[in-house]
Amino acid sequence: DCVGESQQCADWAGPHCCDGYYCTCRYFPKCICVNNN
């Protein structure tokens, strides 16, 4: 399973972002998926 835009993700142990998104932790302490365009 994957999570979409603005959904919480984890770099190390999931959940991971869907294709087209990557996990960023710049919104610390929460990591979220953002579009990789």
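Just so you know, glycine gets a Cβ as well, placed from its N, Cα and C.
Neighbours of Cys18 (disulfide bond), defined as other CB atoms within 10 A of its CB across all chains, total 14. According to DSSP, Cys18 (disulfide bond) sits in a coil region rather than a helix or strand. Taken from Swiss-Prot, the feature disulfide bond applies to Cys2-Cys18 (among others), supported by similarity to another entry.
Per Swiss-Prot, disulfide bond is recorded for Cys9-Cys23 (among others), and the stated evidence type is similarity to another entry. Cβ neighbour count for Cys23 (disulfide bond): 19 (other Cβ atoms within 10 Å of its Cβ, all protein chains included).
Within the same chain, the residues at least 6 positions away from Cys17 (disulfide bond) whose Cβ sits under 8 Å from its Cβ are Cys2, Val3, Gly4, Gln7, Cys9, Cys23, Cys33, listed in sequence order. The disulfide bond annotation in Swiss-Prot covers Cys17-Cys33 (among others), and the record cites similarity to another entry as its basis.
Secondary structure at Cys31 (disulfide bond), as computed by DSSP, is coil. Within the same chain, residues at least 6 positions away in sequence whose Cβ sits under 8 Å from that of Cys31 (disulfide bond) are Gln8, Cys9, Ala10, Asp11, Cys23, Thr24, Cys25. Look at Swiss-Prot and you will find Cys25-Cys31 (among others) tagged as disulfide bond, backed by similarity to another entry.
Secondary structure from DSSP puts Asn37 (asparagine amide) in coil. Positions annotated as asparagine amide by Swiss-Prot, on the basis of a curator's inference: Asn37.
Taking the Cβ of Asn37 (asparagine amide) as reference, residues of its chain lying under 8 Å away and at least six apart in sequence are, in sequence order, Gly20. Reduced to three states, the DSSP call for Cys25 (disulfide bond) is coil. Compared over the disulfide-bonded residues Cys25, Cys33, the count of CB atoms lying within 10 A of a residue's CB peaks at Cys33.
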